[in-house]
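Student: Below, the features straight out of Swiss-Prot:
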BINDING   HIS130, ASP155, ASP159, CYS242  Mn(2+) 1 binding site
BINDING   ASP155, HIS157, CYS242, ASP244  Mn(2+) 2 binding site
Amino acid sequence: MYKQGEPNLWTGRLDSETDPKKFRHFQTVTFEDLSKLEKSSMPSGVGILGYAVDKGVALNKGRIGAKEGPDAIKQAFAGLPDLNQCETLVDYGNVYHDHEELIDTQKEFAMLAAKSIANHRQTFLLGGGHDIAYAQYLATRKVYPTQSIGVINIDAHFDTRAEQESTSGTSFRQILEEDDNTDYLVLGIAQGGNTQSLFDYAKEKKIDYVFADELLNHVSPPIKDMIERFVHEHDVIMFTICMDVIDSAFAPGVSAPAVLGLYPHTVLELAKRIIPSDKVSSVSIAEMNPTYDADNRTAKLVANLVHHFLK
């Protein structure tokens, strides 16, 4: 079920009503009905769409609450300064789960997300469970039907479980099983968060991955080269971040908190090798769970990631 954006989420400190250099995002955001959006001749500006769904988390036996994530992130983002002075910043609202099957919600979200991807230079998709990634893939493939897609996931988990239905832990297996013209790179894998069968599947499917331990103090030149080569080798990049990759000291409000997770600045350093490329079709950030957040710490962290990713 699709609902348009809520203007009352977008509030913040007012420093000036006339000087754009003192504006914050709540002063520049606009709201549109994405279901009625027509394709523009030239993509421009930024589109934001929320995936207010945690059904996939429940199916994956995780702790629910991530469906409240998109609104919490938007509220935290609203008060940040508009340093980039975006051409346009549009909040398209959220998609909610009201279908019998999760896959139908994912398809509904994909149809709408594809419109944003086609119309904007940047599209941010805010979760919600990491089943958003499969919906993001469907949207990407709709916009780019023949191009090679490189999927980059900053995550503690492979999310390649073999299940009978779509869950927050199956997205990337679904993508790889359905599409031979995609490849998968995972950054931040937790050795204690994935079974041997998932490592075996990664070997079978030639999934590239980097352990969280390898990213402890810095992003080494070989890892930077790996990321840049992966971007270079594909026509389109689908970029996604699962917030459970970040240590729970910084991101307590997630579905599955990390005890040996990455530092936020490491995630930013990794993203610097990805975001600047014009090949990046969209960015999704998943598993922000306000139910378990402390002082809105995780919501603010996601908001600041989006803020840093604006270009």
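Any Cβ shown, glycine's included, is placed from N, Cα and C.
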Student: Test of understanding: give the count of other CB atoms lying within 10 angstroms of the CB of HIS157 (Mn(2+) 2 binding site).
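Tutor: Result for HIS157 (Mn(2+) 2 binding site): 25 neighbouring Cβ atoms inside 10 Å.
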Student: Could you tally the C-beta atoms, other than its own, that fall within 10 angstroms of the C-beta of CYS242 (Mn(2+) 1 binding site)?
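Tutor: If we count other Cβ atoms within 10 Å of CYS242 (Mn(2+) 1 binding site), we arrive at 30.
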Student: Taking DSSP as the reference, which of helix, strand or coil describes ASP244 (Mn(2+) 2 binding site)?
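Tutor: Assignment for ASP244 (Mn(2+) 2 binding site) reads helix.
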Student: Just jot down the residues in the same chain as HIS130 (Mn(2+) 1 binding site), at least 6 apart in sequence, with C-beta under 8 A of its C-beta; none if empty.
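Tutor: For HIS130 (Mn(2+) 1 binding site), the qualifying residues are GLY56, VAL57, ASP155, ASP159, SER168, GLY169, SER171, THR240, CYS242, ALA286, GLU287.
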Student: Show which residues of the chain containing ASP244 (Mn(2+) 2 binding site), separated from it by at least 6 in sequence, have their CB under 8 Å from its CB.
Tutor: ASP155, ALA156, HIS157, ALA251, VAL254, SER255, ALA256, PRO257, ALA258, GLY261, GLU287
Student: Beyond the listed site residues ASP155, HIS157, CYS242, ASP244, identify every same-chain residue whose Cβ lies within 8 Å of the center of their Cβ atoms for the Mn(2+) 2 site.
Tutor: HIS130, ASN153, ILE154, ALA156, ASP159, GLY188, GLY193, MET243, VAL245, ALA256, ALA286, GLU287
